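Chemist: Attaching a single structure in structure tokens format; questions to follow.
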Amino acid sequence: MTGQLPIPVLVNGAAGKMGREVVKAIAQTTDLTLIGAVDRSPEYQGLDIGELAGCGELEVPVTDQFEPMLAMLAQEKELGVMVDFTHPDSVYSNIRSAIAYGIRPVVGTTGLSAKQLQELAEFADKASTGCLVIPNFSIGMVLLQQAAIQASQHFEHVEIIELHHNQKADAPSGTALQTAQMLAEFGKTFNPPTVQETEKLPGARGSVADAEIRIHSIRLPGLIAHQEVIFGAPGQVYTLRHDTSDRACYMPGVLLAIRKVIQLKTLVYGLEKLL
Ligand SMILES: NC(=O)C1=CN([C@@H]2O[C@H](COP(=O)(O)OP(=O)(O)OC[C@H]3O[C@@H](n4cnc5c(N)ncnc54)[C@H](OP(=O)(O)O)[C@@H]3O)[C@@H](O)[C@H]2O)C=CC1
Ligand SMILES: O=C(O)C1=N[C@H](C(=O)O)C[C@H](O)C1
């Protein structure tokens, strides 16, 4: 907490699957206060977000008026935070708008390109405004990625499978892309060809990400969010797997990010940098 007052938070995408979890998590704290709930869905306009999220009335109605809410948040005595769980198509401009108002973004929405991230980092830098972009807020995924980095020093072959619910807009997942990027950071290239391959169906071998790491995306009802990183070598396979069974798993990371972002003056990418 800065001073005596709670950190004012605006949740963008508040009526969505993640937005509702964030609203519930904030309502259970004493050092954060929900001051706005933005969502574009017409069916939820004017409804109390607390009722919608299942944590009781919060006297915060859902609105689609993002910019006016940012302007209102900018008037608060304490530094304001905008949590974004919206859509890959709008996240870039949401972050720019928040920073322009001096609001600190905590971003879970995936789908930002490397170029967009670079531009946002420069924008945040110039404005001396903290911004957190976190492809995955769960501690289990951070641990998986750390184990994968360690294993990558010893294996030449690795592929990633990510499995998600079939409402997910982007593929591959932000987490899978980040994982490949983390393994590529040590300058190694994986999966040297062992045979001339032919794809009888385009995409059968997945997509090629950083350092020649292949990513395969599965979308099915019944899934939430899952990832496997599979290393292979002659005579052995080493599989790392993380399973999400409830979106509550992301909330400790989201709350940590809200509390940290107000201390930052630049854009930081990845939960591991906060731990
Ligand atoms: N970083 C992490 O740990 C996690 C990240 N995610 C990411 O978060 C994002 C959201 O996921 P999820 O909650 O499952 O998605 P949902 O579709 O359930 O929720 C998104 C909500 O935001 C609304 N919305 C979309 N665009 C806008 C906009 N421009 N302005 C205001 N509201 C908007 C949607 O309305 P409508 O339905 O009308 O489009 C919907 O109500 C995805 O990118 C997902 O990959 C998800 C889980 C964890
Ligand atoms: O859409 C989701 O659900 C998730 N999205 C994030 C991603 O793309 O990596 C994080 C997690 O996998 C859940």
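Just so you know, glycine gets a Cβ as well, placed from its N, Cα and C.
Those TrEMBL annotations? Automatic predictions, nothing curated.
From TrEMBL, here are the annotated features:
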type	residues	note
DOMAIN	7-137	domain 'Dihydrodipicolinate reductase N-terminal'
BINDING	G13, A14, A15, G16, K17, M18, G108, T109, T110	NAD(+) binding site
DOMAIN	140-275	domain 'Dihydrodipicolinate reductase C-terminal'
ACT_SITE	H164	active site, proton donor/acceptor
BINDING	H165, G174, T175	(S)-2,3,4,5-tetrahydrodipicolinate binding site
ACT_SITE	K168	active site, proton donor
Chemist: In whole Å, how far is T175 ((S)-2,3,4,5-tetrahydrodipicolinate binding site) from K17 (NAD(+) binding site) when you measure between their Cα atoms?
Modeler: 18
Chemist: Just the recorded positions from G13, K17, K168 whose C-beta lies under 6 Å from any atom of ligand 2, please, or none if there are none.
Modeler: K168
Chemist: Listed recorded positions are G13, H164, H165; which sit with C-beta under 6 angstroms of ligand 1?
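Modeler: By the Cβ criterion, which requires under 6 Å to ligand 1, the hits are G13.
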Chemist: Looking at the recorded positions H164, K168, T175, whose Cα is closest in space to that of G13 (NAD(+) binding site)?
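Modeler: It is K168, whose Cα lies nearest.
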Chemist: Would you mind checking how many other C-beta atoms are within 10 angstroms of the C-beta on K17 (NAD(+) binding site)?
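Modeler: Its Cβ has 12 other Cβ atoms within 10 Å.
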Chemist: Looking at the recorded positions H165, K168, G174, T175, which has the shortest Cα distance to T110 (NAD(+) binding site)?
Modeler: G174
Chemist: What whole-number value in Å do you get for the largest C-alpha pair distance within G13, A14, A15, G16, K17, M18, G108, T109, T110, the residues recorded as binding NAD(+)?
Modeler: 17
Chemist: Looking only at the domain 'Dihydrodipicolinate reductase N-terminal' (7-137), what is the mean pLDDT?
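Modeler: Mean pLDDT across the domain 'Dihydrodipicolinate reductase N-terminal' (7-137) comes out at 98.
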Chemist: Find, for the listed binding-site residues G13, G108, G174, the residue with the lowest Cβ contact count at a 10 Å cut-off, counting only other Cβ atoms.
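Modeler: Counting other Cβ atoms within 10 Å of each of the binding-site residues G13, G108, G174, the minimum falls on G174.
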